[in-house]
Amino acid sequence: QGDPLKVKVNKLTSIKTQLPYSYYSLPFCTPEKIVDSAENLGEVLRGDRIENSPYAFTMQEPQLCTVLCRIMIDAKTAKQFKEKIDDEYRVNMILDNLPLVVPIKRLDQASNTVYQLGYHIGLKGQYAGNKEEKYFIHNHLAFTVKYHRDLQTGSSRIVGFEVKPYSIKHEYEGKWSEKTRLTTCDPHMKRMVVNSNTPLEVEVNKEIIFSYDVEYQESDVKWASRWDSYLLMSDDQIHWFSIVNSLMIVLFLTGMVAMIMLRTLYRDISKYNELETQEEALEETGWKLVHGDVFRPPSNSDLLCVYVGTGVQFLGMVLVTMIFAVLGFLSPSNRGGLMTAMLLLWVSMGIFAGYASTNLYKMFKGAEWKKIAAKTAFMFPAIVFVIFFVLNALIWGQKSSGAVPFGTMFALVFLWFGISVPLVIVGGYVGFKKPAMEDPVKTNKIPRQIPEQAWYMNPIFSILIGGILPFGAVFIELFFILTSIWLNQFYYMFGFLFLVFIILLITCAEITIVLCYFQLCSEDYKWWWRSYLTSGSSGLYLFLYAAFYFFTKLEITKLVSGLLYFGYMLIASYAFFVLTGTIGFYACFCFTRLIYSSLK
């Protein structure tokens, strides 16, 4: 009791513009000296700017009607406030690492309170009988600090930080000075702010008096579970439904793969039952006829090696991140933790990328491993970096705090050139030194002619069909992820996400094997690229879904915000393409080696 509590302010956020701003970009009351808290890499990339605030709380000592400061509004300030109120900006604050929330009672459920992160700066409204829209600012904040008392030591821990914002036109007698007492909010006269019936309008040459109350409530919530009310998402049923739905797809595909395996491997060994008709024998032997061409290196084999390497790097990053998240290391209470972990893991997985790409390159009888390793180190990150740089310039033009500062940009470039690139080169060296895999069958000198294919075996058609199932397996979970990114909510369903990810791996592998088998049966042996693109095309569906989500769920109207959304979703879809493509490729690679090794 009596300890000072440090209230910090974070960025102003809006789901209408997606552009964060620092708190003091608006003329709120400032402390004597603004001190920036140290932020980690993830926080800077998210646009968090955590600074100290003029609010002075003292533990378990309630305050009523404390005046923070008084500001006069000129035309510029009024315009700034109105713009931010128009875009529905919210103020985010932090106390003891807990974000500030506004409790909102749900009418449909008796006990349910929903927590909205941050309070709105103000709102638009009309006076009764007047059509004109006015802007009102929330200038009185009624804070509630919830604490849990430890019976052994008698001290308390903070377990909740809530606010109810009000707009009130404060009045006082005489001239304004530091010691002036408000007549609209005076604890001695038992006058409290309990509603916004006399709201404060944002007008030029008028004053705004900021004030606040603090009350302390004892709570039964223990410190360890204080995040639960933030993370209690809507019911889990929809997630289970999505997983059962995806498992159906997986079972169906597993059945098909099992049938194919039995047919090919079992029948070969038993040299066909003699009773078989001629037609069946023909249909069966489609894939055997191309044994002399099936391991012929594809066109653009260099590029394929690079993409496979990048995919391996991604797969490693996603897997390790997921495992950490499931074990609870990356909970939302660790702000920016997920982002930082993903970046560092991406960089350190470079060694596997180099290994995978040069090893495959050696199998294609390539000799210049350094070229491949360099391409693997630069191609994907360079494309992402260019998009990121353009988006960053756009955000900078809006003077938003979401723009990555020069120092952080330098840190990112250092991570890429100082750690990722050398690791890819080392991995490449090791991968090229290892002996290449031997092909199970010999490749003919002269490539065989591919017969005319049925319309449904057309590469474009089968590639587009292949992407639907992996996307279908993840799209319900995808909805929650998009909502958490763009609608500013917490995502904490890592257990479900891990299950969905495993299902995605299996689906990608199986759909590619099935389509690859059909392709080989119709005597088309160009499977290398097709296997990568078959499951990789789910990245295209991801982007289309992101566009659908943008037009149905988000209220983004600004051009810059729209570009930002599509820029980031483009990066995400590209990454998804590389990830799923690599899984499909490796599945098909193992499958062809397996079935052709039975031909001796």
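Note: Cβ is positioned from N, Cα and C throughout, glycine not excepted.
What TrEMBL records for 238-262 (among others) is transmembrane segment.
Positions annotated as transmembrane segment by TrEMBL: 304-330 (among others).
What TrEMBL lists as transmembrane segment is 336-356 (among others).
Under the heading transmembrane segment, TrEMBL lists 377-397 (among others).
Annotation source TrEMBL lists transmembrane segment at 409-432 (among others).
The annotation transmembrane segment is assigned in TrEMBL to 453-486 (among others).
The feature transmembrane segment is assigned by TrEMBL to 492-520 (among others).
The feature transmembrane segment is assigned by TrEMBL to 532-551 (among others).
According to TrEMBL, the feature transmembrane segment maps to 563-596 (among others).
Remote same-chain residues near the transmembrane segment (304-330) are listed as 298, 337-338, 341-342, 345-346, 349-350, 352-358, 360-361, 364, 366, 372, 375-376, 379-380, 424, 494-495, 497-498, 501, 528-529, 532, 575, 578-579, 581-583, 585-586 (criterion: CB distance under 8 Å, separation of at least six residues from the stretch ends). As a quick check, the transmembrane segment (336-356) and the transmembrane segment (409-432) clear the bar of 3 or more Cβ pairs under 8 A, pairs 6 or more apart, so the two touch.
Count of Cβ pairs under 8 Å against the transmembrane segment (377-397): among 238-262, 409-432, 453-486, 532-551, 563-596, the largest is for 563-596.
The list of residues near the transmembrane segment (563-596) in space but at least 6 beyond its ends in sequence, with Cβ under 8 angstroms from a Cβ of it, reads 18-19, 264-265, 287, 291, 294-295, 304, 307-308, 310-312, 314-315, 318, 380, 383-384, 387-388, 390-391, 394-395, 437, 440-441, 466-467, 470, 486, 504-505, 508-513, 516-517, 520, 527-528, 531-540, 542-543, 546-547, 550, 554, 556.
Ranking 238-262, 409-432, 492-520, 532-551 by CB pairs under 8 A with the transmembrane segment (453-486) puts 532-551 at the top.
Two recorded stretches are said to be in contact when at least 3 C-beta pairs lie under 8 angstroms, sequence spacing 6 or more; the transmembrane segment (238-262) and the transmembrane segment (492-520) meet this definition.
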